[in-house]
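Visitor: Okay, here's the structure, questions in a sec.
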């Protein structure tokens with residue numbers, strides 16, 4: 001019996017060596033020059049791979065597994081290859097390796113290269129790639145490393161642009177690796193708008209374009225003749241993150257819809273914390289010069305005038321306008337002054353307490369219909385001291401988020 005057990009652990013040990021973390025195994029690249037293929041510095045890894053490889057983010061059956069997904073920087077033509085040092089063998093190890101290839105094939109569109117030579121010959125044609133759709137905005141950012149200003153452009157595209165459908169299929173595969181709950185959209189629905197960011201770069205004297213990121217927006221219909229665009233997905237590719245492209249993109253999208261009389265306001269679907277911080281910055285930047293947000297008016301409290309002006313001029317909805325007001329009022333408030341700071345705190349907490357108040361109204365209703373012993377259970381859930389603590393904690397967290405927005409604004 002002991003022999004059997006020790007045999008098992010040896011086997012288990014052996015098999016454990018054949019487990020690979022898929023976030024490390026998957027190697028992504030955006031390739032501009034043939035030498036990028038060999039350059040470790042151009043490689044980046046996914047943040048998530050659970051949608052493809054399960055919650056453990058593990059592939060079993062290989063040692064030294066590498067899943068290469070290389071994209072040509074502009075049109076995103078793909079090279080897909082799997083490399084490994086060794087693989088378990090059904091005959092000897094009585095177990096089967098995961099079919100890694102078919103899992104990746106499920107999310108990347110067909111028509112990819114499987115060898116480097118084909119990929120490099122495609123790279124030579126990249127000079128013909130041009131951005132899709134209509135140019136909305138051009139901006140430049142100083143790049144320390146290159147010691148020069150780099151130019152970026154934002155375009156609005158749709159499925160009628162030749163080649164865009166296939167390009168978008170390749171682009172959206174990045175969502176799986178960088179957005180925790182990503183899903184692919186129904187591109188045949190014509191109410192989708194696509195906004196794309198490109199970098200202009202030089203290669204052998206020609207100007208080429210590299211994909212930086214994108215945003216999809218869905219135009220919800222609002223009775224009788226309006227729409228309410230909702231931001232669905234937004235991704236700046238990792239090599240370009242932290243350079244301010246997200247803010248440029250969101251501001252450009254707002255400006256695009258601002259010019260349309262049929263748009264009510266812009267919302268977002270299930271926004272991440274990072275997106276909310278980005279949106280706070282962009283909306284405050286857009287709003288800070290509106291008359292309704294002058295320091296005098298901020299001190300008088302949140303008003304209908306702010307809601308109306310932000311919605312009509314900038315397509316900002318009421319909930320987001322309220323946050324803009326709180327951030328701008330913080331800037332106008334001397335938090336060292338006891339009276340001013342108390343007034344600010346009360347104003348924000350009054351909004352934060354809304355959900356608690358709603359709960360209490362529901363309780364009061366229940367109180368009228370429930371027997372006393374059922375009631376005590378319900379009441380125990382809401383302890384007033386706890387509520388005060390949570391409220392204070394939410395308030396402090398909010399103020400520190402707001403301060404970060406104001407710091408970024410001061411540098412902008």
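Glycine is treated like the rest: Cβ placed from N, Cα and C.
I grabbed these lines from TrEMBL:
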| type | residues | note |
| --- | --- | --- |
| DOMAIN | 18-180 | domain 'Histone acetyl transferase HAT1 N-terminal' |
| SITE | 192 | site 'Interaction with histone H4 N-terminus' |
| ACT_SITE | 269 | active site, proton donor/acceptor |
| DOMAIN | 279-330 | domain 'Histone acetyltransferase type B catalytic subunit C-terminal' |
Visitor: Output the one of 192, 269 that, of all these recorded positions, has the highest number of other Cβ atoms within 10 Å of its Cβ.
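Guide: The residue with the densest Cβ neighbourhood is 192.
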Visitor: Pop the Cα-Cα gap between the residue listed as 'active site, proton donor/acceptor' and residue 192 (site 'Interaction with histone H4 N-terminus') into the table, whole Å please.
Guide: 14
Visitor: Count the residues of the domain 'Histone acetyltransferase type B catalytic subunit C-terminal' (279-330) that DSSP assigns to helix (H, G, I), to strand (E, B) and to coil, and report the three numbers in that order.
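Guide: Helix, strand and coil residues of the domain 'Histone acetyltransferase type B catalytic subunit C-terminal' (279-330) number 41 helix, 1 strand, 10 coil.
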